[in-house]
Amino acid sequence: MEDYVKIEKIGEGTYGVVYKGRHKSTGQVVAMKKIRLESEEEGVPSTAVREVSLLQELKHPNVVRLLDVLMQESRLYLIFEFLSMDLKKYLDSIPSGQYMDPMLVKSYLYQILEGIYFCHRRRVLHRDLKPQNLLIDNKGVIKLADFGLARAFGVPVRVYTHEVVTLWYRAPEVLLGSPRYSTPVDVWSTGTIFAELATKKPLFHGDSEIDQLFRIFRTLGTPNNDVWPDVESLPDYKNTFPKWKGGSLSSMVKNLDKNGLDLLAKMLIYNPPKRISAREAMTHPYFDDLDKSTLPAACINGV
């Protein structure tokens with residue numbers, strides 16, 4: 001820790017306070033995340049340190065780099081590259097009545113999918129994707145922050161400040177208590193973020209787990225074993241759920257063209273194995289008119 005100096009507190013993340021800092025000898029500006037864990041007395045579990053240290057291997061232009069993992073008096077500090085703006089702040093800054101440029105929506109979505117595909121190939125899930133952990137710079141680059149932290153530290157119900165962790169981007173299999181879930185959870189979250197890029201409004205903004213589920217069901221229909229095999233045997237599925245028909249996705253996301261709506265619908269398929277993968281999504285016709293050679297990952301993909 002003596003290599004870094006804290007400049008200012010910049011926010012409160014899921015796991016603790018986030019500071020802007022600087023490396024004393026190189027001058028590099030960094031984000032310093034102080035991890036506060038539930039069991040403060042026992043210190044940081046070695047499994048968490050091991051898990052999180054593996055994340056230093058994730059090097060991709062659309063994934064925020066974890067530069068260092070440091071311990072100080074049984075506190076864990078994660079040192080990340082610094083970006084000053086997140087997607088939520090950016091969307092909030094767009095004046096009323098105006099929307100993101102459709103090509104920027106397309107570019108951001110493609111870059112998010114690149115970052116997700118890169119991590120999924122390496123067996124790393126995010127599990128808590130939301131606009132607050134998508135960071136942007138002033139050159140049109142978007143990067144995913146906090147990849148892999150959920151596995152290292154769990155996804156808390158409440159932030160350490162007692163603010164409830166948002167459910168708006170959470171996949172239905174997680175909300176229904178599925179004990180096994182995989183990479184499709186991140187694709188669902190990305191789909192809901194895609195809709196929000198287009199409309200500036202969260203697609204499903206529930207204020208409890210049941211309200212969240214019912215908002216999804218009202219839009220896409222209440223799932224059953226016909227559309228999603230074995231959904232009715234998930235721990236939190238109730239046969240008493242109202243049977244909504246759904247089918248109102250296009251009326252809720254008016255700013256997307258036919259290809260955009262088709263891709264969104266494929267990202268929001270209930271049955272996880274049938275949901276489009278990040279890799280498949282990148283080849284969807286929606287992206288045909290995107291110049292991928294200008295994107296930050298072009299150099300590593302050989303586009």
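Here the Cβ of each residue, glycine as well, is placed from N, Cα and C on the backbone.
The following features are taken from Swiss-Prot:
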type     : residues                                                             : note
DOMAIN   : 4-287                                                                : domain 'Protein kinase'
BINDING  : ILE10, GLY11, GLU12, GLY13, THR14, TYR15, GLY16, VAL17, VAL18, LYS33 : ATP binding site
MOD_RES  : THR14                                                                : phosphothreonine
MOD_RES  : TYR15                                                                : phosphotyrosine
ACT_SITE : ASP128                                                               : active site, proton acceptor
MOD_RES  : THR161                                                               : phosphothreonine
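The residue listed as 'phosphotyrosine' sits 12 Å from the residue listed as 'active site, proton acceptor', counting Cα to Cα.
Nearest neighbour of ASP128 (active site, proton acceptor) by Cα distance, taken over the binding-site residues GLU12, THR14, GLY16, VAL18: THR14. DSSP assigns GLY16 (ATP binding site) to coil, not to a helix or a strand. Each residue in LYS34 lies on the same chain as ILE10, GLY11, GLU12, GLY13, THR14, TYR15, GLY16, VAL17, VAL18, LYS33 and has a C-beta within 8 Å of the C-beta centroid of that ATP site, without being one of the site residues.
Here the recorded positions are GLU12, ASP128, and the one ringed by the most other CB atoms within 10 angstroms is ASP128.
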